[in-house]
Amino acid sequence: MTVLWSRADLEAATSGRFPPSSAVAIAGTGVSIDTRTLQPGDVFIALIGENSNGHAHAAAALAAGAAAVVAHESCGDDPRILMVDDTLAAMQGMARFARARFAGHMLAVTGSVGKTSVKDMLHAALSACGPTHCAVASYNNHWGVPLTLARLPAASAYCVCEIGMNHAGEIHPLAAMVRPDVAVVTTVASSHLGLMGSRDAIAREKAEILLGLPQGNGTGIVPADVTGAEYFRRIAELMKARLLWAGHTPDCAVQATDVISDTQGSGFYLHLPEWQGVARVNAPGRHMADNALLALAAAHAAGADMGRAVAGLATFRPGAGRGAIAKVMHDNVALLDESYNASPASVRAALDLLGLVATGRRIAVLGDMLELGAFARHEHASLLPAVRANADAVFCCGPNMKILFDSLPPALRGAWTPDSSTLAPLVRTALRAGDTVMIKGSLGSRMRHVVAALKADDARVGPA
């Protein structure tokens, strides 16, 4: 395995010190912040979170084969313990050190909706072109971004980071740490509207990813219909960056035409500066075609061989909770699992997808969309047209989804409950052979409980 962290590099990156009497060699082949997933050879960083203190797990990390432990509290006298002033600052130092020694192409993705899907599409496309390091899952915050960089092998050809936000002022420091050559913005939508106050404020924050681009030599890729386009133009001009608008009209530098989406996936004709061709992604839905357009445009901007990138994209599959389709209840029901998270834009896209892929009854199971604040009532009620167009029965949970449920025609009402655990058995009992059920809600709505109930071995459909 590739050695990522030597003793000297760890000390240089963190300004920390191993015990002066220690001469043990360090050969870190990975980086971990969780002993439950730690692999032998990982450098374990003892971070302190709201509900846990990594220092309490330092001994367990060493027993599990950690190459070293980074700590700022006393946790023994093992010669493999690197003492630092602050473990989060140390991880950030490791991130900057790893970024400085990386000579490949760095890409970063942000957006209200779709950033993880675009990140994963980029991983698939670029992996066909060279060694590619990519953020795990949705590691996109003040822990996830530096952890992704700290794990970066210097010899990688490409690195794809995901940058998220909940509040103003979060994207710029992360973008400055990543220093992308190519920055992608997927959408500006109502996610975190309650925390940010307006879509305009969200656009201003998302545009700050462009501040991480190298002066005079970076590329930003942004949807042509994005809210707050002037903010992206202004920062691109400040950074002297190339700004590519992506969309479906001839005036877009990045264009998709002849878009076709069916139950198996989405295809389109791709128009890029200096390259054109047919592309396909194995994920149905117009929104997935838009995500694929952004991913391929970013791959092209990073200098990838587009023939290989398009072929690599074809290996992409939606992840768990992000549009994966599976047969459940002894193969009698199709489950469209969108349970990982939700915003008004992503719920509408998921409802459209339900309408596209279903061959029998269309069952929508919806949990609250969170972080909408004073806008929650309006945003939940605004889903009614999309629900009526794409669902035959609707099950809801949570106080905000009751607003939508109460506005439904009686013929569409399945059931409403206060929480997902109570709703799960009602959904399971109501399903029939041939149904397609789509499950969507914010992470805090815990819609995974409904998914688990439908995937249980004893789940069976009722009589027709």
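Residue 1 is the first one shown; counting continues down the chain.
Glycine is no exception: its Cβ is also placed from the backbone N, Cα and C atoms.
All TrEMBL annotations are machine predictions without curation.
If you look up TrEMBL, you'll see 29-73 marked as domain 'Mur ligase N-terminal catalytic'. Taken from TrEMBL, the feature domain 'Mur ligase central' applies to 109-299. The annotation ATP binding site is assigned in TrEMBL to Gly111, Ser112, Val113, Gly114, Lys115, Thr116, Ser117. Per TrEMBL, the feature domain 'Mur ligase C-terminal' maps to 333-442.
Listed in sequence order, the residues Val109, Val118, Thr186, Thr187, Asn291, Ser346 complete the 8 Å Cβ shell around the ATP site centroid, once Gly111, Ser112, Val113, Gly114, Lys115, Thr116, Ser117 themselves are left out.
According to DSSP, Val113 (ATP binding site) sits in a coil region rather than a helix or strand. Note on the domain 'Mur ligase C-terminal' (333-442): its mean pLDDT in the predicted model is 98.
Residue density at Lys115 (ATP binding site): 25 other Cβ atoms are found within 10 A of its Cβ, drawing on all protein chains shown. Residue counts for the domain 'Mur ligase C-terminal' (333-442) under DSSP (helix as H, G, I; strand as E, B; rest coil) come to 51 helix, 28 strand, 31 coil. For Val113 (ATP binding site), the same-chain residues 6+ apart in sequence whose C-beta sits under 8 angstroms from its C-beta are Thr186, Thr187, Ala189, Ser191, His287, Ser343, Ala345, Ser346, Ala349. Helix, strand and coil content of the domain 'Mur ligase N-terminal catalytic' (29-73), in residues and according to DSSP, is 10 helix, 13 strand, 22 coil. Listed in sequence order, Ala137, Ser138, Asn140, Glu162, Gly319, Arg322 are the same-chain residues six or more apart from Thr116 (ATP binding site) with CB atoms under 8 A from its CB. Taking Cβ-Cβ distances under 8 Å and a sequence separation of 6 or more, the neighbours of Gly114 (ATP binding site) in its chain are Thr186, Thr187, His287, Asp290, Asn291, Leu294, Ser346.
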